[in-house]
Amino acid sequence: PGLAAAIPAPPESQEKKPLKPCCACPETKKARDACIIEKGEEHCGHLIEAHKECMRALGFKI
């Protein structure tokens, strides 16, 4: 565990392929998913919103 964080991801913004929603905002997605699993969706609104804001900042319309 923790090894993936040590490997820098290739800069996807410079490629011509659009970023897929599943790959965008991994930090907020991980925190959101962990919270939902542990506490239930109704207790994780702040993390869900943070992930949505990150996605919107990358141009996703959600």
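Each residue, glycine too, has its Cβ placed from N, Cα and C.
Features as listed in Swiss-Prot:
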DOMAIN    22-62  domain 'CHCH'
DISULFID  CYS25-CYS54  disulfide bond
MOTIF     25-35  motif 'Cx9C motif 1'
DISULFID  CYS35-CYS44  disulfide bond
MOTIF     44-54  motif 'Cx9C motif 2'
Quiz item: In terms of Cβ proximity under 8 Å, which residues at least six beyond the ends of the motif 'Cx9C motif 2' (44-54) contact it?
Solution: 24-25, 27-29, 31-32, 35-36, 62
Quiz item: If you run through the motif 'Cx9C motif 2' (44-54) with DSSP, how many residues end up as helix, strand and coil?
Solution: 10 helix, 0 strand, 1 coil
Quiz item: What residue among the disulfide-bonded residues CYS44, CYS54 has the most other CB atoms lying within 10 A of its CB?
Solution: CYS44
Quiz prompt | the domain 'CHCH' (22-62): DSSP-derived helix, strand, coil residue counts | solution = 30 helix, 0 strand, 11 coil
